Amino acid sequence: MTKIETFELNDGTTLPAIGLGTVNVKGAKGVSSVLSAIDAGYRLIDTSTNYNNEGMVGEAIRRSSVPREELIISSKLPGAAHEYDKAIMMIQESLYRIGIDYFDKYLIHWPLPKQGKYEEAWQALVDAQKFGLIKTIGVSNFLPEHLERIIDKTGVTPATNQSERHPYFNNKEVVKANNELGILTEAWSPFGREINDVLENETIKKIAEKYDKEPAQVIIRWNLQNNVMPIVKSSSLNHQKANLDVFDFELAADDLQQIDNLDKGEAGRVEGQHPNEYEEFD
């Protein structure tokens, strides 16, 4: 089993450097997929109320031979529960669905600034941590101005900020702001979503050939060397193992720069996913 390197967070917590994503992973097939990933060495499992699969994650945890305390279970608060009391209850309900007593990590899924309640939601996470419901608290898809408001309001800095990041949209300003605040950036859809040619990009393929690696492994390495935790997803055991087999090489500075140069700015962002515009409807 591959030994996974770690990141240390601003709250003193240590997390695996690579997490398992579960969006669109459901049912019995989802349980099998998560179980095979755990067997391959994944320990951080990322889910969300919005994914409608917390029960599946819980079933995989129960079936796994890996002790609960060795797993890092992370979920996210939906927009419908940004009000304080609703947020506390939603956290509790998510715990009940998964069948665990606490979350190792819990995030606000989207800031939803038009709704204007994310400060209240953040206070709920701060208090839920004090209540023992959550060990590490963070956010997702927050821009620097959103981070500034919740930190000013509560005095508590998120430990992580999960954001869109892939070679066509490297989200440099958010990563920079996170680093300056001591917040770990997590990359969702590090291979792109609804962008079919990221893994077929000629620049990335040439770099992969240079290191005798797969394009996906190069992208994971690019994230790691930029102090970013990639949240990767695959239902194939071979791909799951390959996505962890990235700690035996390092990309040279010019290779990192070549990947940085693939950035398309806002044109590379997944359509409809700008944090100031995205809205949840349930």
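Backbone N, Cα and C define each Cβ position, glycine as well.
Automated prediction, rather than curation, is the source of TrEMBL annotations.
According to TrEMBL, the domain 'NADP-dependent oxidoreductase' annotation covers 18-263.
Feature annotation from TrEMBL assigns active site, proton donor to Y51. Secondary structure at Y51 (active site, proton donor), as computed by DSSP, is helix.
Taken from TrEMBL, the feature site 'Lowers pKa of active site Tyr' covers K76. Here the Cβ of K76 (site 'Lowers pKa of active site Tyr') has 24 other Cβ atoms within 10 Å, regardless of which shown protein chain they belong to.
TrEMBL lists H109 with the feature substrate binding site. Listed in sequence order, the residues of the same chain lying 6 or more apart from H109 (substrate binding site) and placing their CB within less than 8 Å of its CB are S48, T49, N50, K76, L77, P78, G79, S140, N141, E280.
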Just to be sure I understand the packing, how many Cβ atoms besides its own are within 10 Å of the Cβ of Y51 (active site, proton donor)?
21
Mapped DSSP class for K76 (site 'Lowers pKa of active site Tyr'), helix or strand or coil:
strand
Could you tell me the mean pLDDT the prediction assigns to the domain 'NADP-dependent oxidoreductase' (18-263)?
97
